[in-house]
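For reference, the structure is listed below as structure tokens.
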Amino acid sequence: MVWTLNCWHHPAAMESLSLRSSFSSLPARMPREHLFRRSSTQNAATPPPSLFKITRKRNKKPGSRICCTSEKVEFKREPSLDGAAAAVDDADEEGSAATATTSAEESLWEWAVLVSPFFFWGTAMVAMKEVLPKAGPFFVSSFRLIPAGLLLVAFAASRGRKPPSGLNAWLSITLFALVDASCFQGFLAEGLQRTSAGLGSVIIDSQPLTVAILAALFFGESIGLIGGAGLLLGVVGLLLLEVPAVAIDDNNFSLWGSGEWWMLLAAQSMAIGTVMVRWVSKYSDPVMATGWHMVIGGLPLAIISILNHDPIFTGGLSELSVTDISALLYVSICGSAISYGVFYYNATKGSLTKLSSLTFLTPMFASIFGYIFLHETFSSLQLGGAFITLIAIYMINNQNSLE
């Protein structure tokens with residue numbers, strides 16, 4: 001017969017039964033079950049010694065006595081049960097090690113989820129540049145937006161998010177789509193044809209500089225001393241990035257032939273779209289609005305792609321390899337749908353300041369993979385400008401903690 005006694009530590013004497021002193025100093029590390037047998041002081045009518053199971057409670061002061069609410073019986077520890085007690089101790093140690101391993105795995109997974117949007121955005125720049133000549137800039141831009149937007153809308157609907165409704169909701173999403181989707185992706189695709197993925201990513205991720213100015217003008221947000229210094233430093237960095245891009249022919253400046261100039265326009269489009277999000281979110285769910293703005297913004301790019309006779313529509317489709325198709329799918333699914341979905345998930349679960357401070361990872365990933373797969377390099381002047389720009393972005397995103 002198995003008996004269960006509910007026991008606990010108590011600092012003072014109690015009238016209820018307490019174990020012998022040899023047992024009162026049991027360590028109180030983890031709640032566990034200690035096995036004892038009733039003493040052999042029994043009469044003939046008493047059943048054979050029964051196995052007792054004593055459970056100790058958590059959060060009690062060490063060194064106190066163990067008390068039980070039960071009938072007055074004496075206990076003694078059976079030598080034969082020492083092996084069982086040792087097995088329990090070993091099991092506890094193995095459990096603690098397993099818990100530590102699980103905790104480390106969870107921390108690693110959380111870090112990977114936090115960084116993944118910036119990894120996808122950076123590597124998508126490299127994938128886009130590789131497939132642009134074969135498919136055409138506007139087709140790649142539209143393909144990055146429309147399928148990804150539909151996936152994001154489907155995901156938001158599966159989570160029970162409310163779809164947009166009313167004139168204000170659709171009007172705000174449409175304007176948001178034209179600026180943050182059509183202009184941004186169109187300028188990005190044009191710029192990628194004329195500059196490296198790493199350098200273009202640095203210029204695009206300078207958009208927090210513009211966001212800080214627009215937020216101060218329209219929302220009264222304070223820039224602060226550190227933020228102001230970051231803005232000035234960012235201007236210097238961008239100038240260093242742009243100077244090598246200006247083509248000079250007979251003393252005439254040609255900005256429209258500069259990929260860096262198109263990237264700068266893309267950055268400004270993204271900055272304006274970032275500020276517009278607050279207005280759009282007044283009328284629509286932000287995740288739903290993001291999905292629909294990608295779909296709506298991709299439609300003009302698809303029309304331009306057809307009118308512009310992008311290579312994909314003039315026989316280029318048959319020339320696409322499995323690698324090219326994989327790159328297109330990666331750009332749309334990972335570079336847009338998953339990255340935006342995870343980014344908004346992180347924004348709702350964690351610190352926005354911590355999240356925004358990771359912006360510098362996007363050009364870092366773009367530069368690393370651009371060097372590996374496309375053999376892209378920076379000039380000394382551009383490398384200095386990129387470094388100064390990244391410092392400026394960090395100062396803008398972390399001005400509160402730095403001050």
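From the backbone N, Cα and C atoms, a Cβ is placed for every residue, glycine too.
Feature annotation from TrEMBL assigns domain 'EamA' to 114-241, 258-397. Annotation source TrEMBL lists transmembrane segment at 108-126, 138-157, 169-188, 209-241, 261-280, 287-307, 327-345, 357-374, 380-397.
Using a cut-off of 8 Å between Cβ atoms, the transmembrane segment (108-126) and the transmembrane segment (357-374) share at least three residue pairs, counting only pairs 6 or more apart in sequence. If you look at the transmembrane segment (261-280), the same-chain residues 6 or more away from its ends with a CB under 8 A from one of its CBs are 172-173, 175-176, 179-181, 183-185, 187-188, 190-191, 194-195, 199-200, 203-211, 214-215, 218-219, 238, 242, 245, 255, 286, 289, 293.
Three or more CB pairs closer than 8 A are found between the transmembrane segment (169-188) and the transmembrane segment (138-157), so contact between the two stretches is assigned (pairs 6 or more residues apart).
Among residues of the same chain six or more beyond the transmembrane segment (138-157), those with a C-beta under 8 A of the stretch's C-beta atoms are 124, 128, 131-132, 163, 181, 185-186, 188-189, 285, 287-288, 290-299, 301-302, 304-305, 308, 310, 312-313, 328, 331-333, 335-337, 340-341. In terms of DSSP secondary structure, the domain 'EamA' (258-397) contains 116 helix, 0 strand, 24 coil. Mean pLDDT across the domain 'EamA' (258-397) comes to 85 in this model.
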